[in-house]
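Participant: Heads up, here are the entries from Swiss-Prot:
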type: BINDING; residues: Val32, Asp33, Phe34, Asn35, Arg48, Ser70, His71, Gly73, Arg74, Arg224, His260, Arg261, Lys308; note: (2R)-3-phosphoglycerate binding site
type: BINDING; residues: Gly306, Ala307, Lys312, Gly330, Ala403, Asn427, Phe433, Glu434, Glu466, Ser467; note: ADP binding site
type: BINDING; residues: Gly306, Glu311, Gly330, Gly428, Phe433; note: CDP binding site
type: BINDING; residues: Ala307, Lys312, Ala331, Ala403, Glu434, Glu466, Ser467; note: ATP binding site
type: BINDING; residues: Ala307, Lys308, Lys312, Ala331, Ala403, Glu434; note: AMP binding site
type: BINDING; residues: Ala307, Glu311, Glu466; note: Mg(2+) binding site
Amino acid sequence: MSTAPNAKNNISLKKSVGDVWPLTAKRVLMRVDFNVPMQNGHITNDYRIRAAIPTIRRVIDQGGICILLSHLGRPRGVSMVAGVRDIRRRYHEAQFHDNKGKTAFFSVLPGEEKVKILAKSSAREEATHISPEVKSGKTMLFARLPEDEKKSLLMQYLNENKDSALPQMSVSAGYEEQYSLRPVAVRLAELLGQHVYFAHDCLDARVEVSRLKRGNVMLLENVRFYSEENGENAEEREAMAKILASYGDVYISDAFGAAHRDSATMTGIPKILGHGAAGYLMEKEISYFAKVLGNPPRPLEAIVGGAKVSEKIQLLDNMKQRIDYLLIGGAMAYTFLKAQGYSIGKSKCEESKLEFARSLLKKAEDRKVQVILPIDHVCHTEFKAVDSPLITEDQNIPEGHMALDIGPKTIEKYVQTIGKCKSAIWNGPMGVFEMVPYSKGTFAIAKAMGRGTQKRGLMSIIGGGESAGAAEAARISHVSTGGGASLELLEGKTLPGVAVLDDKE
């Protein structure tokens, strides 16, 4: 079949980090996607961190200063106003121990630190004759300074020595330990083989950023600790973006996984700086999706799985205009099978989507798109792993049983169809692949796509989500790092975080 006239390509090529030069001594704000799985403070899969390394190396090898921004998980987040109040409260508590005052705070500092502070004061000439030793007159000299000067000197000292002087300041406003990016900074340093500086508060990092030298890398704390990152109010998002934009000269986005967000860091910063380029990872994502949604080698098939038809309606509706084959698996397949009159036992079914399923099958037939549904199933009476699950003879599922994976006949048929195609895009697992007895279908698809890619040049794309986890080790052309972003592209939507970047000339 040919692509329908109204099946427009919703993504275009963008200027990349390779087009941005010189980067020497430039402060490069790089939005990355370090939203990695964590368990008990440990990273369980560092794929997204490793995927950003080439772009980071490009910046530092060119003598640039790399300042990384990312989110992690879904923290509650606080407003910037509340965050500023919290920071001021903590500064106040740090400066006035039990209301003893500035001189009392100064008095408990190490002698070397006292000398450094006095060297910046109006009494610096007198201070040159004072040693760091105990009882040499440092505190007495500080006590004679005007109150405003004391405050200014201590504020400067606190800003420059947060970690050591103010342990209570070494966490962000809105901080939630399980969502902190600190473990990511540690892993990134291991992968880069160099120190990675870590700013405890993304909106209070001006001093730390100003100290960075050529070739340095800094990771800012989770941008979602502030609610303005994904806030609905455009002015509030812009206010946050302005602070972050002030840290840098150049904006590069390598966060395809967050490209569907109209957020402070994805769209706000490049709008303020007036430019934006794609990192190598983003460039690769754009390139592959532009091909498969534009003029891919044919035949083109879409393999769609997952739990719910309702979550894939727009994808199915959009892709039917572009593809030659549609293979459906996962729990969503049972809604389509029931719509065709088959028995599905206790399997999941969205009754409200039966009419959509019938309509899609009819439209696909009219467009000469071949829709292939499971012809056998791996079943059990309960949603749990068992050593010997039931394998059905045909499409029908016995009463009292639920299908949890595609069966061996279906696997064979799907693998044969993959063998006919020159392009394939896959989104969603074929079964409950987290349970070993129901993982064969998903991993068989991954293996078939990998084999086709390596042996005959199949252009294969895994469109993010759980299927990406199953296929990472397979030899696929491209495993997308974007779950929601790739899904929205396949639904025919424009990604704000891509659209805002400069077009390739």
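Heads up, residue numbers simply count up from 1 along the chain you see.
Placement of Cβ uses the backbone N, Cα and C atoms for every residue, glycine included.
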Participant: Between the binding-site residues Ala307, Glu311, Gly428, which lies closest to Arg48 ((2R)-3-phosphoglycerate binding site), Cα to Cα?
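Facilitator: In terms of Cα distance, Arg48 ((2R)-3-phosphoglycerate binding site) lies closest to Gly428.
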Participant: How many Å separate the Cα atoms of Phe433 (ADP binding site) and Gly330 (CDP binding site)?
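Facilitator: Rounded to the nearest whole number, the Cα-Cα distance is 10 Å.
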Participant: Rank aside, I only need the closest one: which of the binding-site residues Glu311, Lys312, Ala331, Ala403, Gly428 has its C-alpha nearest to that of Phe34 ((2R)-3-phosphoglycerate binding site)?
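Facilitator: So, of the listed binding-site residues, the one sitting closest to Phe34 ((2R)-3-phosphoglycerate binding site) is Gly428.
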Participant: Could you round the CA separation between Glu311 (CDP binding site) and Ala331 (ATP binding site) to a whole angstrom and send it over?
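Facilitator: Per the Cα atoms, Glu311 (CDP binding site) and Ala331 (ATP binding site) stand 12 Å apart.
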Participant: Can you tell me how many other Cβ atoms are located within 10 Å of the Cβ belonging to Phe34 ((2R)-3-phosphoglycerate binding site)?
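Facilitator: Excluding its own Cβ, the number within 10 Å is 25.
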Participant: In this structure, which of the binding-site residues Gly330, Gly428 has the fewest other Cβ atoms within 10 Å of its Cβ?
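Facilitator: It is Gly428 that, of the binding-site residues Gly330, Gly428, has the fewest other Cβ atoms within 10 Å.
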Participant: Measuring Cα to Cα, how far is Ala307 (ATP binding site) from Gly330 (CDP binding site) in Å?
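Facilitator: Here the two Cα atoms are 6 Å apart.
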Participant: Fewest other CB within 10 angstroms, which one of the binding-site residues His71, Arg74, Lys308, Lys312?
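Facilitator: With the binding-site residues His71, Arg74, Lys308, Lys312, fewest surrounding Cβ atoms within 10 Å: Arg74.
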Participant: Kindly assign Ala403 (ADP binding site) to one of the three DSSP-derived states: helix, strand or coil.
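Facilitator: Going by the DSSP assignment, Ala403 (ADP binding site) falls within a strand, counted as strand.
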Participant: Can you tell me the three-state DSSP label for Phe433 (ADP binding site)?
Facilitator: coil
Participant: Taking Cα atoms as reference points, rank the binding-site residues Lys312, Gly330, Ala403, Gly428, Glu434 by distance from Val32 ((2R)-3-phosphoglycerate binding site) and give the first.
Facilitator: Gly428
Participant: Calculate the distance in Å between the alpha carbons (Cα) of Ala403 (ADP binding site) and Gly330 (CDP binding site), and round it to a whole number.
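Facilitator: Between the Cα atoms of Ala403 (ADP binding site) and Gly330 (CDP binding site), the distance comes to 9 Å.
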Participant: If you measure Gly428 (CDP binding site) to His71 ((2R)-3-phosphoglycerate binding site) at Cα, how many Å is it?
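Facilitator: Distance (Cα to Cα, whole Å): 24 Å.
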Participant: Grab the (2R)-3-phosphoglycerate binding residues from the record (Val32, Asp33, Phe34, Asn35, Arg48, Ser70, His71, Gly73, Arg74, Arg224, His260, Arg261, Lys308) and give me their largest CA-CA distance in Å.
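Facilitator: In whole numbers, the farthest two Cα atoms are 30 Å apart.
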